[in-house]
Structure formats: structure tokens, C-alpha cells
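Visitor: Feature annotation from TrEMBL assigns transmembrane segment to E:12-37, E:43-64, E:99-119, E:126-151, E:157-179, E:191-213.
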Amino acid sequence: MSIWEYANPVKFMRLSGRVLPYVIALAAICLLSGMVWGYFFVPNAENFGGSVKVIYVHVPAAMMAINIWGMMLVTSLIWLIRRHHVSALAARAAAPIGAVMTLIALITGAVWGEPMWGTWWEWDPRLTSFLILFLFYLGYIALWAAVEDPDTAADLTGVLCLVGAVFAVLSRYAANFWNQGLHQGATLSLDKQKHIADVYWFPLLLCIAGFVFFFVALVLIRTRTEIRLRRLGALQQRERMA
Amino acid sequence: MAADPASGLRVENLAVARGGLAVLEGVSFALAPGEALVLRGPNGIGKTTLLRTLAGLQPALAGEVSVPPESIAYAAHSDGIKATLSVAENLRFWAAVHGTRDISEPLSQMNLETLAERPANSLSAGQKRRLGLARLLVTGRPIWMLDEPTVSLDTDSVALFARVIADHLGQGGSALMATHIDLGLVSSRDLDLTPYKARAPEAGGISGAFDEVLS
Amino acid sequence: MAADPASGLRVENLAVARGGLAVLEGVSFALAPGEALVLRGPNGIGKTTLLRTLAGLQPALAGEVSVPPESIAYAAHSDGIKATLSVAENLRFWAAVHGTRDISEPLSQMNLETLAERPANSLSAGQKRRLGLARLLVTGRPIWMLDEPTVSLDTDSVALFARVIADHLGQGGSALMATHIDLGLVSSRDLDLTPYKARAPEAGGISGAFDEVLS
Amino acid sequence: MIALLIRDLRLAVRAGGGFGLGLAFFLIVVTLVPFGVGPQGDILARIAPGILWLGALLACLLSLDRIFALDYEDGSLDLLVSAPIPLEGVVVMKALAHWLTTGLPLVIAAPVFGLLLHLPGDAQGWLVLSLLLGTPALSVLGTFGAALTVGLKRGGLLLSLLVLPFYVPTLIFGAELVSRGAQGMATQIPLLMLAGITAASVALIPFAAAAAIRVNLR
Amino acid sequence: MIALLIRDLRLAVRAGGGFGLGLAFFLIVVTLVPFGVGPQGDILARIAPGILWLGALLACLLSLDRIFALDYEDGSLDLLVSAPIPLEGVVVMKALAHWLTTGLPLVIAAPVFGLLLHLPGDAQGWLVLSLLLGTPALSVLGTFGAALTVGLKRGGLLLSLLVLPFYVPTLIFGAELVSRGAQGMATQIPLLMLAGITAASVALIPFAAAAAIRVNLR
Ligand code: HEM
Ligand SMILES: Nc1ncnc2c1ncn2[C@@H]1O[C@H](COP(=O)(O)OP(=O)(O)OP(=O)(O)O)[C@@H](O)[C@H]1O
Ligand SMILES: Nc1ncnc2c1ncn2[C@@H]1O[C@H](COP(=O)(O)OP(=O)(O)OP(=O)(O)O)[C@@H](O)[C@H]1O
Ligand SMILES: [Mg+2]
Ligand SMILES: [Mg+2]
């Protein structure tokens, strides 16, 4: 039995229905424990003050924002190559979540930037490329909304996602070239030297895991809704045919 | 008209869809060179959809078509006429795209010589229609697909058009048209599409990807 | 249909132009309530131009029309149908604009009830045409001007439409249409436009503002 | 006439997020400016009022051709002209629908964009006020331009060309109002001028626009 | 295929000054900027490269929806798809026609606009070079956006929303090239990047655009 079987809407509905409660539970546990740990049991950093706690939302949201586009890229490719409907619907379901994650990263970043850099917004390359990523999400969502026929929309947004991924990366490099910024480098590197202290690190990991599960749960729910809607549409059209 | 004599169109068990929904299924017919077939059926049965599918403008749900879209010329209501170009310029463009002969013969065949230098937006509905049909002649393709070709044409022009079709058939071409009125062609057969109306999947029709989801 | 009984349309010596050039001149006719008049003539004679002029969409060159455009409902090929609105929404809008009654009767008269919730862009050519004609019914105006109303309609729909026209005439309305095919209306007369074809100014036709400049 | 407004708003929403698109375009322009002129906060702050007003103006401009062209193409305009409602009313409703779908969202979202361009805090209020006063004029003047070009196939660029000169006074006083407000200078004159332009446009332009439509249709 | 190019150019000319309109729009944007940001020469000179590039980009954008929409509406696109020429070739010709009618006139007229915005003399050459290298990419990417939205009624704003993010890298390197050139700094990297983006877009995007058109037509 191949993995592609789950791309069949019926199989997908059955399996996802069974898995969903566990994913939700995992998300809740990770998020709750990570947040509580991070917010109440971690000392304030000497040079960051209390505002460091934004990190528990900011960093996971930022990571999700990037990775969701990656996930959409993969599912779009699967749709374009193998024409599995569930795949396209998953991409569609993920996009608004990605947009919201980008927005959360931007807003928490802005909230953080005020005490840290003394400004709400700076044209730092990383911040800027997030703004551009947000635009890509908006365009992607708008295209889905504008095209009536669902399969056409899936194809078009799939192509847009592919080309968009290339240009999003290109924009990142262009922005880097254009302005060397203020923002931190990657802190999650495995290199222990660069790493932030463990006290911050473990709750952060929990939060990231929580965001991932949360995202999976949301995508499953939204994909299931989309499938139901498609089924409903098919039924209505059938009625007219009769 | 360089029609390959063996290139009769054969359609087998074709199913066509519009808006993601099967409209016709199990359509089978053959169209020999020199023959014309008139699609009949009430509004909304799927004539336009069938013609577009055969012309390669939309994919079929199922079934086989023996002839590639490259030998089919399709003409619908909107005929790719540019309002600001003159009649001759419009035709000349399509002739160039299809790499075919000069345009004077098609112009005279559709009785458009006197209008040749008029911009297309100053034509009346019927004159525009004649220009659209003249475009068929410059494609040089053997199989014509015509969606309500005689709309807006007066009786003289209908007769003119019937002669052009007859010529085309005489040269080994063939034609498939959807129309509600009678053209008076001698070598034409009718094909009623009503029996091919798609049934609901429960009744044995073609089922979509989402048909079983909640059952 | 609140047709003013005395509101027969009288046209006298009308001249109409398109593209700055007289097309028809000296057109005179009368259309009594309860009567239908079918405009005949070859393509390009000026039927569309005449109808648009009477409907107040373009000015006449000369002549008199006894009835203001406010009592005329005009329907052409492009019928102001919004592709993204449903059939019912489209009709309801025009009903609101004309401050008229509910739309359920027009819907049923044109056999559109089952399509009422469909967006207009998913209709076939004939279904769209029926919607366009249903719009006439919601205007509540006594005089209808129809430009090739039966284009794309199948035989059943043509019959349906003929019934609707007959109803309208029975209620004291009147209709003026341009069409190339026969509708089978009982109370209709034909008006051939060929004799009214505009002559060149030298031959006694209407002369334009610049016609004498070089003579 | 209300039916017309409702229909236009509904069409805008159906066309895929009517309200959001103008906003998104504005956001994009604001994002692109720093790429062009460099990321330095002080320069950005100085040109911010001008850029924000330019962005609003371009967002308006891009959606102008929808105002009448679609109705012209599908024959609705012919029918509206012969309908029992005054054509001036039709024009006003069209302009109102345009403002509701492009102008108003801009007014509401302007502070965020101001933030992105480092507009000083005190200027934010002036920005919102100036846009609130000025954008109706943009919509009405744009409707006039759209009426002039209604018969032309894809008159997009021509339309911009016609309309932009009309936008100049609004732009000048709008941007001036914001930058004076930011610097704490007297703001009465630009304020009054802006309000005056808008009031006069709204009162008079619909007649000109209706006349233009009548000419274009015949 | 050449016939297509000729037809498109002829249509652009007939539509009322095809070549001039993009230019005129560019001119208007450039004139409006000083109204928005104030007339000080030093500020203008500093933001000039960015503004000129932004203007070019917006002038491109405004004419994008003509690329396929007209052909779609009158059925030409259906016929072109079934014509015996590759759809990719059609896309390339369309992009080329767009560039010839909007991009090239901008390149030629750019020095004049540079003058208006007090662009320093040495930067003029760089401005022309950067536009010459960059505008083809704008046309090709725009063609892709137009292909994506071809089936949609009046997708104008959506088109801008889709296309503008794609323009970011070109804009950054283009404006950077001019401002580095003006300051006598090293220009190799932006020059190479700009050329690279254009070359890659021209080589690859037509395939994506052709695929989008095929999807949209079915
Ligand atoms: C609104 C703007 C901001 C955006 C879009 C943004 C974006 C990001 C992104 C994408 C990451 C994840 C990087 C990665 O894991 O590779 C991140 C991490 C981080 N950000 Fe921000 N950021 C913003 C503002 C700020 C501000 C103002 C601060 C504080 C001074 C800040 C501090 C951090 C830190 C400490 C991390 C974790 C280190 C890391 O994983 O890279 N960010 N941000
Ligand atoms: N997007 C859509 N969703 C659902 N149904 C659709 C859609 N588009 C078209 N249809 C339906 O598909 C059917 C076939 O339409 P088609 O245009 O092929 O009919 P036709 O035989 O050409 O009719 P006509 O004689 O009126 O031109 C119609 O019943 C139409 O309502
Ligand atoms: N801009 C123009 N310049 C010159 N002549 C024009 C212009 N527009 C239309 N005409 C001519 O005016 C005449 C009348 O056109 P009209 O559309 O009224 O004809 P019609 O009787 O409706 O024809 P049909 O039956 O084909 O619809 C036609 O001969 C047409 O070619
Ligand atoms: Mg049809
Ligand atoms: Mg006519």
C-alpha cells in the first residue's frame, strides 16, 4: 500500500478524522507548557529585560511563516505532477495560516523592536523580506479567491507558488545586499557556542513544537472543511442535473 | 484544402465537462471527409462544450478522438476580430499565423471585398459574422467546428455560407456544427445530443473525485 | 403592463446615422398598442441603428418620434448581465432600478426558475439569452425594441418567447424587432427597410456639415 | 439607486476581495519605495507624506477603469442610461462605491503605512484627516475621467493621463497638510483648500461626468 | 510569429498613441513626486534613482492588463492556442511587444526625466543602462502575471498585487546600480545580478506563462 492512497479524499477523511484529536492534544500540551514555562519560570535576561518573552511567540511564528510556504510548495508540486486533489486543498488550507503567522511574526517583532531598537519598524533585510513574504501570501490567497473553477485555481496557484518561491528567495538576497540590518542572526544553530542559554532554549523548543502541531491540526481541519465543501458543491450540481 | 483523405474524425465514448461537471457522456460518432454533421439539442445540452473539447480548448473527461486538434478549425461567436484593424488586416494576420495563402479568395467567397478596408468595428452584426467565417477559410484546415455559425446572417448570407460549406465538403473537408436553424445542406446528417446527456453518478454516470467523501 | 392605451409609436421621416454617415432615411411607420412589427432587410441595412435611435441611445439625424425613450425597453445581444451575479440577483437589480414588481413571474415566464441561483457565467448561450429577455419583463415598459431576440434559442425557447410576446401584446404592449428568422406571431407585420436605404447626398440624401465644402 | 450601490459593492466583493486589493496595492507601493530610495529612516520620514499620498492616488487610479468600462462592455450602461433614474445619480453612486472600496480602506489603514515609513507620531492624525478629506475628491474626479474614456477599449493609460493632472491640487494640499501638521505649522489653509476641493468636486463633477457618458454612448 | 508582433504593435499604435502613453504616465509620476515630497534639489537628487525606477515599474504595470485580456475577450487567444505556433512563442512575442511599447521608450527618454529630478550627470549613463537591462524582466514577469489572471474580468488590481512582489529584486538591483554608479562605487554585483535576473526570466518565465494560459483557457 503506497502513501498516495491517503491522497484519496475518502481515505484522507477517515485517517485525518482519527489522527486529529491527538494532534490537537499534543499542540495544546506543548503550547501550554512551553508558554507557562517560558513566561513564569525563566529569569529576565540582563540585556533584554522582560520583553525577551516575546521570543516564545515571535521565533516559532517566524519559523512557521517560512516553512509553511515550503510545505505549500511541496503540496503544489504533488498536485501539479500527480493531480491529487487533497494535496491542492491542503495548500489552499495552509496559505491563510501562513499569512497569519507572518503577520504575527511582524507584529511581535514590531512590539519587540520598540523597546530594543527604539523603533517600531526598521527596513532591516530580514524584516523587509518578511513583509515581502506576506505580500506573496496575499497574492496567493487572492488568486485562489478570484478564480472560480477549483481545479483551474489549483493549477494557477500551484504555478504561482513555484515561481513565487524562487522570487521570494531572490528577494531575500537582494534585500540583504541592499541593507545590512539590525536583526539577530540565527540562534537556533546546533553550534553550541552561538546558542542562547539553555534556560531560554528548552521552553522555546517546546513552543516551536507546539506551533508545529497547532499548524498541522489547523491544516487538517481546514482541509477537511474544504473537502466537505467540494462534496457539497458536487451534490448541489448533481441535484440541478437531475 | 489539403485534407488528408484518411483523416475522417472518429469520436468514441467521449465525455465532456463544464464547470467541473460532466455534461455529455458516451458520445460516439464518425465524420467522414466530405460530410457535415449538425449537432442538435435543446439549449444547455452541451453543444458548445463538445465543440470546444474537440477543438482542444478544454480537456475531455474520458473517451477518444481520432484526430489531433491541429487539423481542426474552430469558430464561435467571438471570432478574434480586432475592432481597430481593417477587415483585410484581420484576415491577413490569421493567414500569416497559419502560414497559408493569400486572402483575396476568402474575401470574395464571403462577399467582403467592398468592406476590405473598413475597420472591423464599423461592421454590422452580420458583416462581422461573415468576417469570422472568412477566417475559417484561411486556416486551411480540413475539419471545421462551427458554433451557431449563421447567427445574425440574413437569408442571402446564409445561402452564401451554405455554398462555402458545400465547396469545403466537395474538396474533402468536413464540418461539425451546432445550430438551431436549418441550413439546407444536401450532404448533412443530424446528431441529436439529447440521449448523451450525462447522468448523475449514482445512476451510473461519471463520478468525480469528491463523490464518495461523505458516504 | 401599464401601457398607456394611446401610446402607439409613430415614427415620421426619421433618418438615422452610424459613424457620422446616414444609414437610413425617410423611415415612417406607426405601431399601435397590441401590435408587433418585424424589421426586415439584409445585413448592414441599419436595423440595429434604427432600434438604438428609437431607444434614445443615439440621436436621430432628422424626423420625429412620437414616444419618449422612457416608455421603451431595449434589448440587444449584450444585455447588461453580470457574470458573477446569480440569475435572480441580476433580475432583481433591474427590477429595483425600474421600481417594479417582484421577479418570480418573469423568472417563471422565461422558464428560468431552476437556474435562479446559478451565477450568470455558468449559463449556456441560450440560457443567457432567456435571462436577457426576462429583463424586458421587469422593466414594465409598454414598447419593446428587440435586436435579434431569438439568437441562440432552441425551438422550444423560441416558442416560449413567442408566447411571452403574444402575452405582452395582449396586454396592450407593442414590440418592434429585428430578426432574420420567422417567429410565427399572429399579430405581426413586416417592415422591409430596403427602400429607406440612405442615398448619397448628391442623389438627394441628407447632406452633412462638410458636404458642400469642395463643390 | 441604492440598488446600484449595493450591486456595485457586491460585484466588488465577488470579483475577489474588492476591499482588500486597493489596500494591498498601497502596501506594495509603500514597501517598494524604500527599495528605491534606500532604507535610511530620516529620508523616508521626510518624503513619507508625499509618498503616502502618491500611493493613495495610484491605488485609486488603478481601479478607476472598473467604474464604467465593465458596465459599458456588457451593455448595462446603455440600459442604465435609459432607466428611470437620473444619470447624475448613477455617477454619484458609482463614485461612492469606488470610494467605499478603495478610499475608505486606505483611510483606515493609513496609520500602519505611516509607521512603516517612519512618519512622526503627531503627523499620523493629520495623515488620516487629509486622506479622509481628500480621497472622495479622487474618486469623483476619477469617475469623471472614467466617463470620458468609457467608449475606448482598454483606455487604462489614457485614463491615468487624463486624470492625474486633475489630482495635482488634491495631492499638493493633502501632502502639505500632513507635512505642516508633522512640523507643527499652521494647517488651516491646506485644510480649507482640501475640504473646498472635495466639496466642489462632489457637487459639480457628477454633472460633467453624466454629460460625458451621454456623449460617449451615442 | 512575427505577424503577431506586428499586429500587436499596430494595435498599440491604433489604440491611440501606444508608444506615448507609458511615457506620459512616467512623466506625470515624475512631475507629481516633487509636489508630494517638496521641491528641495538635494532630497530629490537622492531619491531620484528610486523614483525613476518606481515610475518605470508603475508605467509597466498599468499596461500589463492589455497583454492578454483583449485577446481573451474577443476569442483571439483561443484561436492562437489552437494555431500552429507554440504558445511559448506567443508569450515571448507578447512580452516583446509590451517591452517595445513601454520599456524601450522609457529607456530612451530616461535621461530627460533624470534631469527633471536633478540626477547627477554621471548617474545618467547608469540610469539608462540599468533600465535597458531591467525593463525586459519587468515585461516578461508582467506577462506571467497577465497570463495568471487572463480569465478574470478586470483583474487589474489583482494583477498588480501578484506582479509587484516579483518586481522587488529587479527594482532593488536596478536602483542600487544607479545610486552606486552615481557615487562612484563598485557596480559589478548589481550589474551582474540585474543581467542575470533578466536573462533567467526571459529564458524560463515564458514556459510558466504558457502553462498558465493553457490552464486558464480550458
Ligand atoms: C517586525 C519585525 C521582525 C521580523 C519580521 C522578524 C523576523 C524574525 C525571524 C524570521 C526569525 C527567525 C529566524 C530563524 O530562526 O532563522 C526571528 C528570530 C528572532 N528575532 Fe526577529 N523579527 C522581527 C523583529 C525583531 C526584533 C525587533 C527583535 C529584537 C530586538 C527580534 C529578535 C529576534 C530574536 C532574538 C530571534 C531569535 C533568534 C533567531 O532564531 O534568529 N526580532 N525574527
Ligand atoms: N461553470 C459552470 N458550472 C455549472 N454548469 C455549467 C457551467 N458552465 C456551463 N454550465 C452548464 O453546462 C451546460 C452546457 O453548456 P453549453 O454552453 O455547452 O450548452 P449549449 O448546448 O451550447 O447550449 P446553447 O444552445 O444554449 O448554446 C449548460 O447546461 C450550462 O448551464
Ligand atoms: N463607424 C462606422 N462608420 C461607417 N459605417 C458604419 C460604422 N458603423 C456601422 N456602419 C455601417 O452602418 C450600417 C448599419 O449597421 P447596423 O448594425 O445598423 O446594421 P443591421 O441592419 O443591424 O445589420 P445586421 O443584420 O448585420 O445586424 C452597416 O452597413 C455598417 O457597416
Ligand atoms: Mg452554445
Ligand atoms: Mg444588427
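The backbone N, Cα and C atoms fix where each Cβ goes, glycine too.
I'm curious about the neighbourhood of these features; can you describe it?
Guide: Residues 43-44, 47, 51-52, 54-56, 58-60, 62-63, 97, 101-102, 105-106, 109, 113, 116-117 of the same chain sit 6 or more residues outside the transmembrane segment (E:12-37) yet have a Cβ under 8 Å from a Cβ within it.
Sequence-distant contacts of the transmembrane segment (E:43-64) (same chain, six or more residues past either end, CB-CB distance under 8 Å): 21-23, 25-26, 29-30, 33-34, 37, 98, 101-103, 106, 110, 113-114, 117-120, 123, 127, 130-131, 134-135, 138-139, 142-143, 145-146, 159-160, 163-164, 167, 171, 174-175, 178-179, 182.
Nonlocal intrachain contacts for the transmembrane segment (E:126-151), taken as residues 6+ away from its ends with a CB within less than 8 angstroms of a stretch CB, comprise 49, 52-53, 56-57, 60-61, 64-65, 67-69, 72, 77, 91, 94-96, 98-99, 102-104, 106-107, 110-111, 114, 119, 158-159, 162-163, 166-167, 170, 173-175, 177-178, 180-182, 187, 190-191, 194-195, 197-198, 201-202, 205-206, 208-210, 212-213, 216-217.
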Visitor: Excluding the flanking five residues on each side, which residues at least 6 beyond the ends of the transmembrane segment (E:99-119) place their CB within less than 8 Å of a CB in that stretch?
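Guide: Cβ under 8 Å, 6 or more out: 9, 12, 18-20, 22-23, 26-27, 30-31, 33-34, 41, 44-45, 47-49, 51-52, 55-56, 59-60, 63, 127-128, 131-132, 135-136, 138-139, 178, 182.
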Visitor: With a Cβ cut-off under 8 Å, give me the same-chain residues at least six positions beyond the ends of the transmembrane segment (E:157-179) that come close to it.
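Guide: Residues 49-50, 52-54, 57, 61, 64-65, 119, 123, 126-127, 129-131, 133-134, 137-138, 141-142, 144-146, 148-149, 187, 190-191, 193-194, 197-198.
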